Every structure is written in C-alpha cells, then in structure tokens.
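**Student:** Quick one: the structure is below, questions incoming.
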Ligand SMILES: Cc1cc2nc3c(=O)[nH]c(=O)nc-3n(C[C@H](O)[C@H](O)[C@H](O)COP(=O)(O)OP(=O)(O)OC[C@H]3O[C@@H](n4cnc5c(N)ncnc54)[C@H](O)[C@@H]3O)c2cc1C
C-alpha cells in the first residue's frame with residue numbers, strides 16, 4: 001500500500017476527530033474507521049462512514065416507534081428469518097461508505113454492481129499515480145483448461161519472472177509516455193483526458209463507494225465466491241471482515257443462509273429425494289446433463305465455507 005506522508009497525516013487527523021451523536025454507533029466498526037487495510041500490492045480499502053447496525057434492521061422490520069429491539073435471541077431470530085426468506089428491504093436501511101484504491105481492471109468488474117453510488121478519482125482533472133498492480137508469482141497461473149474464465153497451474157518460476165518483467169516494463173513505458181505527453185514544457189502539454197488513454201489496465205485508480213447492506217451482501221456473495229477473479233476476491237474478503245465487525249448478527253446469518261447455502265434445481269431435488277429413499281442414482285438416469293450432475297455432486301461433496 002503506498003500512501004504519502006501527507007495522506008497518512010490527513011487520515012490520522014481525521015481519526016482524531018470525535019463527535020457526540022444520538023444515533024447508534026458500533027464500537028468495533030468505530031475502531032476500524034478511516035484506517036486503510038492493505039489489499040494487493042498498492043491497493044487499500046477503508047471505511048469512511050456508515051449508518052445503522054443490526055438493531056436498525058430489526059427496528060425497520062418491526063416498523064417500531066423506538067429502538068425496536070427485544071431480547072438478543074429474538075432479534076437474532078428475526079434477522080435470520082429475514083435473511084432466510086430474502087426479505088431484503090430491512091437490510092437496505094443500513095449503509096456503508098468505502099474509499100477503495102484498486103487496479104483499473106478490477107474496477108471494471110466492480111463497477112458492474114450498479115446498486116451503489118460511486119465517485120471515482122478524475123484522471124481528466126488529476127494526474128494518476130505511477131502505481132501498477134504486479135501479481136505475486138504465487139498467483140501467476142496459466143489459463144485453466146477446464147474453466148474458460150479461470151486459472152490453472154502456477155507458472156514455472158522462470159516463466160513467472162519473465163511475465164512480470166513484461167508487465168512491469170510495459171506499464172512503466174506507457175507511464176513515462178503519459179508523463180511526456182502531459183508535460184507542457186518538455187513534452188506536448190496534452191490534455192489529461194487524452195494522455196490517460198494509453199495507460200495499462202493494471203494502473204491503480206480510486207473511488208468512494210457507498211452501498212446499502214442488502215446490496216453489499218449481494219456483492220460479497222458474488223465476489224467472495226471462488227469463481228470470482230482473485231484480484232477482486234481479496235477486496236471482498238477484506239469487506240467481509242468489516243461486515244462481521246459492523247453487523248455481527250447479520251453477518252452470521254449471511255454466512256449461514258447465503259454464503260453457506262446452495263441452490264438446487266427441481267430436477268436436482270428429485271435426484272436428492274430418490275437418493276434419500278435409498279435408490280442408487282446414476283447420471284444417465286438422473287434427468288440431469290453431465291455438467292449439472294457434476295456441479296451437483298461437487299456441491300454435495302464440497303466442504304462448508
Ligand atoms: C464470477 C463472475 C463472472 C462474471 N462474468 C461476466 C462476463 O463474462 N461478462 C459480463 O458482462 N459480466 C460478467 N459478470 C458480471 C455479472 O453479470 C453482473 O453484471 C455483476 O455480477 C453485477 O451483478 P448484479 O447485476 O446482480 O448487481 P447490481 O448491478 O448491483 O444489481 C443488483 C440487482 O439489482 C437489479 N438490477 C440492477 N440494475 C438493474 C437493471 N438495469 N435492470 C434490472 N434489474 C436491475 C438486479 O436484480 C440485480 O441482481 C460476472 C460476474 C461474476 C460474479
């Protein structure tokens with residue numbers, strides 16, 4: 001993570017400020033506020049602000065006049081019920097705002113999650129930093145032969161080193177050209193909005209990203225999944241820790257009913273029922289395609305996350 005001294009000082013000063021409020025706060029999240037958590041080689045994620053807590057979900061679900069909470073076990077039971085039956089609007093009552101520094105190719109995947117408010121660093125107005133994501137050799141894998149969207153075997157160390165050299169040199173060369181194109185004295189004084197078009201996709205950008213709790217969990221469910229690309233998954237994993245600190249009861253229900261749950265089709269359920277009745281079912285007579293069958297068996301045999 002590369003923060004300048006001035007940026008660190010600004011974050012520290014912000015963290016010193018305190019306000020008294022009549023609104024509920026969450027001690028565990030207050031302790032994490034503003035502090036950047038390192039992600040990838042130059043990226044970070046930090047919580048800037050939040051609204052609501054577990055009790056706010058219960059309060060909205062009960063449309064209460066006061067705080068709306070009852071016994072801890074009753075509140076947890078209600079949250080688990082809401083999660084189980086996909087009652088989403090009580091979770092939309094809570095919001096959280098992050099400051100994220102991320103490579104542009106990760107941002108392209110992330111921005112597909114439309115139910116959020118985004119304000120990105122303007123490379124039309126400001127000059128992007130000379131920072132590029134370079135994968136750790138442990139993540140330098142070959143194209144997967146079974147999954148067209150995934151990675152397979154890790155590259156041999158010499159091959160990984162050569163690929164890293166290519167990535168580094170290309171990124172640095174285009175950045176040097178970027179600086180030269182923008183430079184009004186020794187270069188061309190090109191507009192920033194045009195100078196940036198030649199930069200590599202591993203260049204870091206940053207944004208403020210605000211989302212409600214329901215859509216945050218939707219994002220997490222999709223991006224923590226092993227099918228998601230490693231480079232976005234690490235951001236989702238950092239956010240999951242924040243979710244647990246912020247709304248522990250909701251996070252536990254999320255682990256139970258979303259992350260740890262699976263979906264079976266009607267035909268898959270018919271197979272499960274036949275198996276439970278003691279029948280030995282083979283793919284050929286199951287009514288499922290080979291792919292569906294393999295997915296179902298992998299799900300049944302997968303360890304719980
Ligand atoms: C593993 C993985 C692989 C992917 N691969 C590809 C790919 O190859 N190509 C590709 O283009 N994308 C790909 N995506 C992106 C994916 O298709 C979704 O665009 C992305 O995950 C955002 O999901 P979402 O639309 O549900 O989220 P959000 O945009 O946050 O929306 C949340 C929900 O709101 C509703 N909603 C939001 N906007 C609208 C709207 N305009 N109309 C109707 N309903 C709306 C929908 O119910 C939606 O589920 C991939 C995603 C994942 C996780």
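Our numbering is plain: 1 for the first residue shown, then up by one each step along the chain.
Each Cβ is built from the backbone N, Cα and C atoms, and glycine gets one as well.
Those TrEMBL annotations? Automatic predictions, nothing curated.
Worth saying up front: this structure is predicted, and the values here are computed from it rather than measured.
Residues annotated as active site, involved in ionization of N3 of dUMP, leading to its activation in TrEMBL: 223. Residues or ranges marked as FAD binding site by TrEMBL: 89, 112, 113, 114, 120, 212, 213, 214, 218. Residues annotated as dUMP binding site in TrEMBL: 109, 110, 111, 112, 120, 121, 122, 123, 124, 196, 223.
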**Student:** Between the Cα atoms of residue 122 (dUMP binding site) and residue 113 (FAD binding site), find the distance and write it as a whole number of Å.
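**Tutor:** Cα-Cα, rounded: 20 Å.
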**Student:** Do you know which of the binding-site residues 89, 109, 113, 120, 122, 124 end up with C-beta under 6 Å from ligand 1?
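**Tutor:** Near the molecule: 113.
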**Student:** Where's the emptiest Cβ shell within 10 Å among the recorded positions 113, 124, 218, 223?
**Tutor:** 124
**Student:** Relative to the Cα of residue 109 (dUMP binding site), which of the recorded positions 120, 218, 223 has the closest Cα?
**Tutor:** 223
**Student:** Would you count the other C-beta atoms found within 10 angstroms of the C-beta of residue 109 (dUMP binding site) for me?
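**Tutor:** Within a 10 Å radius of the Cβ of residue 109 (dUMP binding site) lie 16 other Cβ atoms.
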**Student:** Compare all C-alpha positions of 109, 110, 111, 112, 120, 121, 122, 123, 124, 196, 223, the record's dUMP binders, and send over the largest distance in angstrom.
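**Tutor:** Spelled out: the longest distance between any two Cα atoms in 109, 110, 111, 112, 120, 121, 122, 123, 124, 196, 223 is 29 Å.
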**Student:** If one measures from the C-alpha of residue 213 (FAD binding site) to the C-alpha of residue 124 (dUMP binding site), what distance in angstrom results, rounded to a whole number?
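**Tutor:** Residue 213 (FAD binding site) and residue 124 (dUMP binding site) have their Cα atoms 32 Å apart.
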**Student:** Would you measure the largest Cα separation among 89, 112, 113, 114, 120, 212, 213, 214, 218 for the FAD site and round it to whole Å?
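**Tutor:** Value for the max Cα separation, rounded to a whole number: 27 Å.
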